[in-house]
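Since the structure comes first, as structure tokens, the remarks are kept for the end.
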Amino acid sequence: MVASSVMLLPSSLHVLQFQPTCFLPIQPSQSLSPKLHSSHIVSNASFKSHSASTQFQNSFKCQSIAQIPDTHILDFLFGDYPLIDPVILASSLQNCLSVREIRRVHSLAVKCYGNSVKFVNNNLISVYVRMGKLYDARKVFDEMPERNIVSWTAILNGYLKLGGDDEVLELFNELIEVGVQPNSKTFVCVLNLCARRVDFALGMQIHACVVKGNWSNLIVDCAVLYFYAQCGDLAGAFQVFNRMPMRDVVSWTTMVTACSQHGDADSALSMFLRMQLEDFSPNEFTVCAALKACGKKWDVKFGKQLHSAIVKRVFKDDVFVGTSTLGMYMKCKDTTSARKVFDRMKKRNTVTWTSLIAGYAQNGLGEEAISLFRVMKARNIFANNLTILSVLRACGLLRLSLLGREVHAQILRNSIQTNIYIGSTLVWFYCRCEDHVSAAKVLQEMPHRDVISWTAIISGYAHLGQDSHALQFLSKMLLEGVEPNPFTYSSALKACASLEAILHGKLIHSSVNKTYALSNVFVGSALINMYAKCGHVTEAARVFDSMPEHNLVSLKSMIIAYAKSGYCQEALKLMYRLQAGGVHVDDYLRTTVLSACGDVEWETESLPECSFQPM
């Protein structure tokens, strides 16, 4: 049973120095155990004089365990030879290039000292973790008669690196319970875990211990900064950053990336400029984060400046920066510049190809996306899940049913239909191709369905005129406990309007009133349209008046509702407000109002003052 992750640490912690990568003893002259008498330990000098194992000794002197023949290892293990200096054993472990070599040194260490030398065992844990052998590392840890903080931190880092999050928490709690004082590397390890799990409560406690114990240094501060950034607490991250006595490129990059990832593009670009003013040169990760911020802000001007000033000069051959650059252009809808970046790249990977295909699909250029995908297949470049999603989107935009089915067959061959995003996109694709039967079949075969999956089938069926089935899918969705989003409500209300199902519409309206979707202008417009289609113009007007804000869609919906229900003066007044506010009234709206109202005579002096401001 994993212990609770929320644990207050001792505040009276003493500062420890970082241990070197090779864990050597601080005082080599100190007695290691009763067995390790100085006359029994073979140093480098004594090894040279030991003629019976010259090759064995020379191999250790060169710190190359791979050079030692198996026969010499066996001779030493079962023969009567002097003990090997533990410092030599520890150093040899750091030069091991395979698990086999590690186990050879491990066997020699056990032969000489059993499990009694802490720094040798710490090195064993470290190298086993490096090779991904967590079971062996844990076995060494469990068999140690005595452990220090280096031992604990080494095994904690092992579990963190290899995905054993629960074990990290369990061991960390055990470490506290036995009274071992964590050091800065321990705190960095646990902070990284908190960031990965978004465990804000535990991370805050670790931060408090860092402050109280005066453990702050550049590496620890960067870990605290990363924790707040990953948890989405930009205010906390800025507070930590501004208090850091020293900063490096990593801390600046963490801030730029955090702002970019959490939607604050302005702050991301501001930090990017500020770091250069303070004489920090951005690395490839900083540049990628800044380019992403330009894309989110649709700031193609700044993006082009960044492209010319830094990318072309410093990172022109970096595949990740190149991919981020074309992604930025695609977000800014500059598909021509994105293609130029792609064509000039000397190296491309799957992400590069996928970014361009996805960009084409998102910008409505389905033919270009399909064409590029065919080139990608012809060159035998691996297509990942995002590539498949983008191609399906392009097939849906162009209604290429045959090609989409070929992609579906490839999805089945690769056994990735269980992916919820791919399944939802397949539902959307089949609805776009007017094959509602296949869409329903895909939905039924999905092991897990989320709001996107259900919304795809509901909106698809409503668009195809299968309104009663769309409402049935809404009922099934609610039975599965999935909460609709504004798009789900809008699609369901469209189906109610087509069926003139006022009772269903009122039930949906009642559900909307209990959620944040009530403030969504598209949901409001759908409610207006539904009530108007069902002949309840008064209810439609009440919804319109209660909306916190109006956009062009809601105003047009209300104008058409008034006009088609015979409330001509109200319709014309709203249309006048649109025109007076500088909004162009399209031919469809004007024709609808005039054909419904005919020649209506009314005084222009009675027109209301324009309070509508264009979006």
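Cβ coordinates come from backbone N, Cα and C, glycine included.
Noted in TrEMBL for the protein shown:
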- 148-182: repeat 'PPR' (REPEAT)
- 248-282: repeat 'PPR' (REPEAT)
- 349-383: repeat 'PPR' (REPEAT)
- 450-484: repeat 'PPR' (REPEAT)
- 520-554: repeat 'PPR' (REPEAT)
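The repeat 'PPR' (450-484): residue composition by secondary structure is 26 helix, 0 strand, 9 coil, according to DSSP. Residues of the repeat 'PPR' (148-182) grouped by DSSP class, helix first, strand second and coil last, total 26 helix, 0 strand, 9 coil. Looking just at the repeat 'PPR' (450-484), the mean pLDDT is 94.
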